[in-house]
Structure formats: C-alpha cells, structure tokens
Amino acid sequence: MQSERLSSPLPLARAWLWLAAVPLWWLVYLQLTPLSDALFALLPLSRADALGEAVYFFIFEVPKVLLLLTAVVFVMGVVRSYFSAEHTRALLAGRAEGVGNVLAALLGVVTPFCSCSAVPLFIGFLSAGVPLGVTLSFLIAAPMVNEIALGLLFAMFGWKIAALYLGLGLAVAMLAGWIIGRLKLEGWVEDWVLARPKTAASVSDAGLHWRERIDAGQDAVVDIVGKVWPYVLLGIAAGAGIHGYVPADFMAGLMGREAWWSVPLAVLFGVPMYSNAAGIIPVVEALLSKGAALGTVLAFMMSVIALSFPEMVILRKVLKPQLIATFIAVVAAGILLVGYVFNLVL
Amino acid sequence: MKIQILGSGCQKCQKLAEYATQAADELGLDYTLEKITDPGTIVDMGVMQTPALAVDGVVKLAGHLAGVEALKPLLRG
C-alpha cells in the first residue's frame, strides 16, 4: 500500500531535541522528591494536617504521573512505527491457531490501532486468510492492553503491577481468541464479509528514517498526552481530596478479597461502562487506596476498557449478534478468571 | 481531481476531511471531496486503518491524521 507518512521527517534540530530530552527527563524524575519538597515549602501549609497532605500529594503526583505517561507514550509511539496493520496481517496470514493467537495478541499491543479501524481491519485480516479466532485475539489485545493504562499503572503502582496488567491482558486476548476459534463460529460472521474475494497479504515496507520514528513518538505524545492531561489532573485531584477524608478500609467490605461475589459484580458493572483509560485509572487508584482488592479492581478496569458499547456497535457490522454475545461472554469470563487468580495469589 | 476521505465517520476522519479541504483551498486546487464510509469499499481500496486519504483513487495516507501543511504535498501529487 502506498501510504506515505509525513512528506518530510522532523527537522533535524527538533529530532535531536527529543533525544536530548531523555537525560533531562531522567534528571528531573530522579529529583522529583526534593523538587516537590521545595515547591511545597513555599506554601503556608504543613503536611501534618489533611489539607497539607492532600496538596503535597497533588504537587508530587502530577509531575510524576505526567513524566511517566509521556515517556511510555513516546516509547510506544516509536515502537509502533516499526509495525503496521499490513505487516501484522502478513505475519498472521495462514498461521495455525494457538501460535497464531499468541502472536496476534502480542502484535495487538504494538500495532497502531484505533477502534474506529476495527471493521476494515477485521475484513482485511479475514480475507487474507487470518483465522477468525486469531483475528479476534488481535482485536481484543489492541484495546485491552492500552498504553495510557500501562503508563498510568506504571506511574502510580510501579512496574510489577504494570507488567501484571500487560501479561494478564495478553493472556485474556490469547485465550478468548483461541476458545472462539475452537468453537468454529465462522458462520456467525456476517455473510457479506465471508462472500468477499480472498486477497493476498502483501507488504511493501518503506523503512522509515530514524527521524520519522522520533516523529511518530512526538505525534503520539501530542495526540495522547495532549488529550488526557486534564483527566489526569482531575483524577489526581480527586485522589488527593479523598486521601485524608475517606477511611482507609471504606471499600474493603464491598470490594475486598473476602467478598467472593465482588469480582463478578465488578465485571458486571464494568462491561456497560465506557471510559477511556485516563478516566478510569484515578478511580482505580482511589478504590485501591480505600481497601479494595487488586484483582477485583483490575477486573473492573479491564472490563471497562476492553468491552465498550461503541466498539460492539462498530463490530456489529461484521459480526452477527450471536458472535457479539459470545465475544462479550468469553472476554468477560477471561477477565473474571484474572480477577479471581489475582485475589488468590496476592 | 477527486479527494477521498476514507473512514467510518469518527472524529479523526472528520478532522482529516476538514484539514484536506483547507489544504486544497489554500493550494487553489479544483477538486471534489468524497467521503467513503463503507468498510467493504475501504478494504477494497487497500486500506485497513482509518482515517485515510486518497487522491484520484491512489491512497496517500492511512492510519493517522496529518496537518494542513503536511497534506499539501500529498494533494499536489
């Protein structure tokens, strides 16, 4: 396909500026505590009272979260410039189930994806001979392992939780796609999609200049961070607000580990809810800090992000209602399992 | 010339149509703008990722948005 990126790569000076920003970023990140301490010292507040503690929390968390989010989004943008839907399709075409599901889920994370492209992607994959279950593994992984969620989890809870989220998201995508493939549900794909002529999966890899890859990272930062920062501020402000005022075990009875019914309930509430990752993470943070169990909260988050009503409406164009229902059921079951396993292990 | 915007009508597709119109107007091109929303047609044109832009049937941009200035060389041909 003759898709050209921007006609000319980023000016050299600006590309170098981005590279020079890396050590600067690191320096600021390492000095966050003294910097926020110094800033806080300028205010007539004390960390001994609830208000001071809330303000300090805000001053410290905002730069930290924005720095980490920018870094993750930038790196993801550069990584994704190495992948394209055509490339992914060629890698998946004719691949056996099993291996195909694993590969599809992994590629789903790194291939640029927008949920409004779900339908052309679905048709394009199927008509190039990518099995239905493998295609669905890709379509589940792409929204489920979300770079904003990954970046924010990393920023707020550390790399272990972020890695866990990544691993579990991949596991659900692989498993759900594999199960749907085993069920042989091709008949529940809309007839007009199946009737389309088969096409060969071909790639014309242009090979980008390194400056164009930096450019892709910059695009991602401008696009994503530029859009979600108000939600992040709002979320941290809410988190700071309830920091001192809501009792720490407030959620423990409702969403704690002891309540077995809390995981299915979380998924049940999460599926019809629709929010972008930036909106949901602060809620996650608040729930966790008030005693909710991690598995329950992750299950809630995953069902909100991965199963969204607008995406189902989009997919309805190519999937019959039975397959949509199966899709939701299988993914929800996978998320349920993740929630229980998490609560058991931790 | 015929400028085609490929996409389901999502926010990014509308932005692309808007930018393409502005770029074409600033270049003083004689053009018609067509929006292609049917997924079958989009795939037939070789596009899997929207928003996409085609000029006289040739796909020039796919999978992401581009600004007015970046679009001009693509439209000029």
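Even glycines carry a Cβ here, placed using N, Cα and C.
A TrEMBL annotation is a machine prediction, not a hand-curated record.
The active site, nucleophile annotation in TrEMBL covers B:Cys10 (among others). Within the same chain, residues at least 6 positions away in sequence whose Cβ sits under 8 Å from that of B:Cys10 (active site, nucleophile) are B:Thr50, B:Pro51. In the three-state DSSP scheme, B:Cys10 (active site, nucleophile) falls into the coil class.
For B:Cys13 (active site, nucleophile), the same-chain residues that are 6 or more apart in sequence and have a Cβ closer than 8 Å to its Cβ are B:Ile5, B:Leu6, B:Gly7, B:Lys35, B:Thr50, B:Pro51. Sequence annotations record features per position, and here TrEMBL assigns active site, nucleophile to B:Cys13 (among others).
For B:Cys10-B:Cys13, the entry in TrEMBL reads disulfide bond.
Each residue in the domain 'Thioredoxin-like fold' (B:1-75) has a pLDDT score, and their mean in this model is 89. What TrEMBL records for B:1-75 is domain 'Thioredoxin-like fold'.
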For the domain 'Thioredoxin-like fold' (B:1-75), residues assigned helix / strand / coil by DSSP: 31 helix, 19 strand, 25 coil
